[in-house]
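Novice: Starting off with a structure, shown below.
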């Protein structure tokens, strides 16, 4: 099997981004542009991955991380793509091939690169090319009209009128034989208007030496689109999101509008899932069968089981939701929360680091934190757990079949025993007995002949 090395060129500053952040660290679908390229490279199971970095290099390494499968190669001066690959040459194998990728071309697909590599041998060169309706500004692929073999790549400024009509362009992504790569790089020249060493000049060397040049093409043009400014970044963001939506719809997901939907991680859906507009899914999210996510919800690292419904404007993060639950609208489920089956969490309710057992309801205007709640519990409007004493968090235990009246404060640590009822407006500071009514209120008083204070209009 052919050994494959990968070199990712990520040294550019990205002046047109108008940002102090290196271009390859700008986020696309919730993670740095360069991370997308690395993820795709890893699907190829390469022998090694070399990342050529330059501008903002230490920050790039810090954000991406020094993973064991990465070799970081510094390009102190940005002297062109050929010069960049030459910096990685000492780390590459003597045999096999090298795939050259770009750190600012984040959406090329694994299947596209695998098809490219399948055409590679140790005695040829393979280019990823694409046909564009408007190829203006790109280097044209010039082929022999009889054999269809590549003769040259002609840059726009050097192209004749007939060559400018050619729609096939060079993407820059290529597979090079390691056995010839060193000699080719040594013979590159910077005698051009930019004073740089261009990797594409290798193609002319290969043609002159009679070395076969093969080509392959992606399924979609946007796969090979690069990011040079924030307009292009926004275009690729939408292309990526639309591609993700298309894949999910092919699996049966129903979108109210696939153009108003974002995945910033990984979303896995069961059958008959419905997703309304302006929903965002971050990290790892799994939706079971017949789940409905209404408009303007954010789910981050969440499992939502079969038949559950999340109503509009709800935020759920690092939590598990059981079957047939109802959440929201305007609910916030914070990290460490587990909702068992058939739990109802209503409007303006916040739950943090709590376990809510099946068939319990927290329907209105409540805060539940650091709580173990049993089955069939009803929490009245405005009830809260007071879990923080200013220094430490404490847990509240609410056992099965408890009814908590509205505007109740449960001051942790405290246990409300099975079957208890807590009267509205109570502040509970001690454990309650099982099956009894517990309340703490001042006696209601009415004062006769009392007059409300009034402002002196004079």
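In case you wondered, yes, glycine gets a Cβ from its N, Cα and C as well.
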Novice: Per Swiss-Prot, what member of 360, 406 joins 381, 387, 388, 424, 441 in binding acetyl-CoA at one site?
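Specialist: Among the candidates, Swiss-Prot records only 406 at this acetyl-CoA site.
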Novice: Near residue 23 (UDP-N-acetyl-alpha-D-glucosamine binding site), which binding-site residues out of 104, 228, 388, 424, 441 have their CA within 10 Å?
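Specialist: So the list is 104, 228.
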Novice: What is the total of other Cβ atoms whose distance to the Cβ of residue 367 (UDP-N-acetyl-alpha-D-glucosamine binding site) is within 10 Å?
Specialist: 20
Novice: Using a Cβ cut-off under 8 Å, which residues of the same chain at least 6 positions beyond either end of the region 'Linker' (231-251) come close to it?
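Specialist: Residues 17, 26, 28-29, 33, 106-107, 220, 222, 225, 258-259, 261-263, 267, 269.
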Novice: Looking only at the region 'Linker' (231-251), report the model's average pLDDT.
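Specialist: Averaging the confidence scores along the region 'Linker' (231-251) gives 97.
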Novice: Within 10 Å of the Cβ of residue 104 (Mg(2+) binding site), how many other Cβ atoms can be counted across all chains shown?
Specialist: 25
